[in-house]
Amino acid sequence: MEMKNVKGTKDYLPEEQVLRNKIKRTCEDTFERYGCKPLETPMLNMYELMSYKYGGGDEILKEIYTLQDQGKRDLALRYDLTIPFAKVVAMNPNIRLPFKRYEIGKVFRDGPIKQGRFREFIQCDVDIVGVESVMAEAELMSMAFELFRTLNLEITIQYNNRKLLNGILQAINIPTELTSDVILSLDKIEKIGIDGVRKDVLERGISEEMADTICNTVLSCLKLSIDDFKDAFNTPIVADGVNELQQLQQYLIALGINENAIFNPFLARGLTMYTGTVYEIFLKDGSITSSIGSGGRYDNIIGAFRGDNISYPTVGISFGLDVIYTALSQKETISSTADVFIIPLGTELQCLQIAQQLRSTTSLKVELELAGRKLKRALNYANKENIPYVLIIGEEELSTETVMLRNMKEGSEVKIPLSSLSSYL
């Protein structure tokens, strides 16, 4: 049998997983600094839930992995962490609001594969339910800047409001039933340009006259500031969108992040569930052109799931661990899983005890040579594994209660008292 992975999936060897674990821990630490609580949901869900009309929309339905269990129930692998989160809130009415949760887990989409994008991948999500104010969006955007600053990646965040976008389309008389198609086309404007948008809307069955109107509107809007849209499109929904954008902008200025937060009037986030603010995160250096995070406000999903159609104000943000890993692996040396490597020279029993003592009395990650390799081969292993320090312990060292400490980066060695070991590392 030929050994191979399913298309769009990947094995991560230890030297790769070290960096992925670092990203995950950084996300967890950052999320908890903002008061978010951990949650875990099943990968396996009822197909009816994952295909719900208030979820990802028709575009995402094409990418859902489906299966049946032995009871002939239609199931699906989750394609995001948002719908499972909404399900949890809907099923647990006693959850205290506002509720801020984070979840890091695998999701699955049978979609196109490209740099940093697979069919099985890990999302790192934060969602807040129970806050109407766009202060919640501002906090999530601030959290994103802090997360990527900790990871030494510079980002920009593009943002918009779906009320503004829907209001513009309403003002130029785009029929309601065509709004989603037009939004999906506009969402690709940075990739395909204005001519590409025109071609795309025509392929979606929109008339040439309407396509021209859309393109002319896009060109005129690109010159407008947030404040200008109220006068340019005098409709209540545009006014609501502008008011929310103005409030958000004030918070971004107060947080000192407005310079790297860019208003984009045609950013849509294709999913139909969004009702207000939307945003996407991009690397400033452009080393990866696709977004590395995104999110927005979706106030209708939880009420729809609960069947009471009450608005539960909810906003979220999602980071792609795999695409962040791709960005970091291009510039970061993979660190070792160990801080110290102990090589016994006929002193295995005592070294076993020393390793255990170091683990229990310090925060050091300690690896012990277990395979019985000669000194040269053991040092070569430590060098290849990027382990910064090696302890060489033979009979002579034991008799004098010392150890030979080798700095692998400098290639230097020094004999030190065993009792003072922790102060040297």
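Quick reminder: no glycine exception, Cβ is built from N, Cα and C everywhere.
Feature annotations, courtesy of TrEMBL:
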BINDING   Asp80, Leu81, Thr82, Arg109, Gln123, Asp127, Arg269  L-histidine binding site
DOMAIN    1-344  domain 'Aminoacyl-transfer RNA synthetases class-II family profile'
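Known features from TrEMBL, placed on the structure.
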residue	record	DSSP (3 states)
Asp80	L-histidine binding site	coil
Arg109	L-histidine binding site	coil
Gln123	L-histidine binding site	strand
Arg269	L-histidine binding site	coil
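Ranked by Cβ neighbours within 10 A across all protein chains shown, the binding-site residues Thr82, Gln123 are led by Thr82. Across the annotated binding residues for L-histidine (Asp80, Leu81, Thr82, Arg109, Gln123, Asp127, Arg269), the two most widely spaced Cα atoms sit 21 Å apart. Cβ neighbours of Arg269 (L-histidine binding site) (same chain, under 8 Å, six or more residues apart in sequence): Arg162, Asp187, Val278, Tyr279, Glu280, Ser294, Gly295, Gly296. Per-residue confidence over the domain 'Aminoacyl-transfer RNA synthetases class-II family profile' (1-344) averages 91 (mean pLDDT, predicted model). Close to Arg109 (L-histidine binding site) in the fold, though at least 6 residues off in sequence, lie Ile60, Glu63, Ile64, Tyr65, Tyr79, Arg119, Phe121, each with a CB less than 8 Å from its CB. Cβ neighbours of Leu81 (L-histidine binding site) (same chain, under 8 Å, six or more residues apart in sequence): Thr41, Glu103, Gly105, Val107, Gln123, Asp125, Ser318. The 10 Å shell around the Cβ of Asp127 (L-histidine binding site) contains 25 further Cβ atoms across the protein chains shown.
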